[in-house]
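Chemist: Encoded as structure tokens, here's the structure I'll be asking about.
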Amino acid sequence: MASKRALVILAKGAEEMETVIPVDVMRRAGIKVTVAGLAGKDPVQCSRDVVICPDASLEDAKKEGPYDVVVLPGGNLGAQNLSESAAVKEILKEQEKRKGLIAAICAGPTALLAHEIGFGSKVTTHPLAKDKMMNGSHYSYSENRVEKDGLILTSRGPGTSFEFALKIVEVLVGKEVADQVKAPLVLKD
């Protein structure tokens, strides 16, 4: 069986923990992760001035698809950049059409709203993004730290990044693998 594949879309202003933790956890689980720079392959300055080097440009990574999951990190500016991107819209629409998993954290779910993805789903976001996400009646809101409704998986913020990442692993490769990855991380239960 071929290993599962993940596309993490990295935009300027993305939240560092919400990018790096899911990438790390998915790679520990044997998922082939591509970090794709929205604006190209150049290093990306994140919300707290950490710089991350993408594996590929989004344009190049798109050619290597499809992916089992598309991941959207949060960060206000990062989410805004994802929301304004026609390329992100195209990738998300394609992922939704082929019934692939879409995972977004913190302010990242606002890009789902902007691109009309997963309407009717139950979602969660960072508390500061709730009002924007609930503008209209496109989603129902959950206060859960991680919420999965069908093929839409959302989470609340930096402090839920491990839970979010482990849920992606569980969905893609199973709870047993997620538990094996979790054990050496020494997370609080």
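The backbone N, Cα and C atoms fix where each Cβ goes, and this holds for glycine too.
These numbers come from a predicted model, not from an experiment.
According to Swiss-Prot, the protein carries these features:
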type     : residues : note
ACT_SITE : His126   : active site
CROSSLNK : Lys130   : SUMO cross-link
LIPID    : Cys46    : S-palmitoyl cysteine
LIPID    : Cys53    : S-palmitoyl cysteine
LIPID    : Cys106   : S-palmitoyl cysteine
MOD_RES  : Ala2     : N-acetylalanine
MOD_RES  : Tyr67    : phosphotyrosine
MOD_RES  : Cys106   : cysteine sulfinic acid (-SO2H)
MOD_RES  : Lys148   : N6-acetyllysine
MOD_RES  : Lys182   : N6-succinyllysine
Chemist: Using other CB atoms within 10 angstroms as the count, which residue among the recorded sites Cys46, Cys53, Cys106 scores least?
Modeler: Cys53
Chemist: Highest CB neighbour count within 10 A among the recorded positions His126, Lys130, Lys148, Lys182?
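Modeler: Answer returned by the neighbour count: His126.
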Chemist: Considering only the recorded positions Cys46, Cys53, Tyr67, Lys130, which residue has the minimal Cα-Cα separation from Lys182 (N6-succinyllysine)?
Modeler: Tyr67
Chemist: Ten-angstrom check, please: count other Cβ atoms within 10 Å of the Cβ of Tyr67 (phosphotyrosine), all chains counted.
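Modeler: Around Tyr67 (phosphotyrosine), other Cβ atoms within 10 Å: 25.
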Chemist: May I ask which of the recorded positions Tyr67, His126, Lys130 is closest to Cys53 (S-palmitoyl cysteine) if we compare their C-alpha atoms?
Modeler: Tyr67
Chemist: Taking only the recorded positions Cys46, Cys106, His126, Lys130, Lys148, which one has a CA atom nearest to the CA atom of the residue listed as 'phosphotyrosine'?
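Modeler: Result: the closest of the recorded positions to the residue listed as 'phosphotyrosine' is Lys148.
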Chemist: Anything within 10 Å of Cys106 (S-palmitoyl cysteine)? Look among the recorded positions Cys46, His126, Lys148, comparing CA atoms, and list what you find.
Modeler: His126
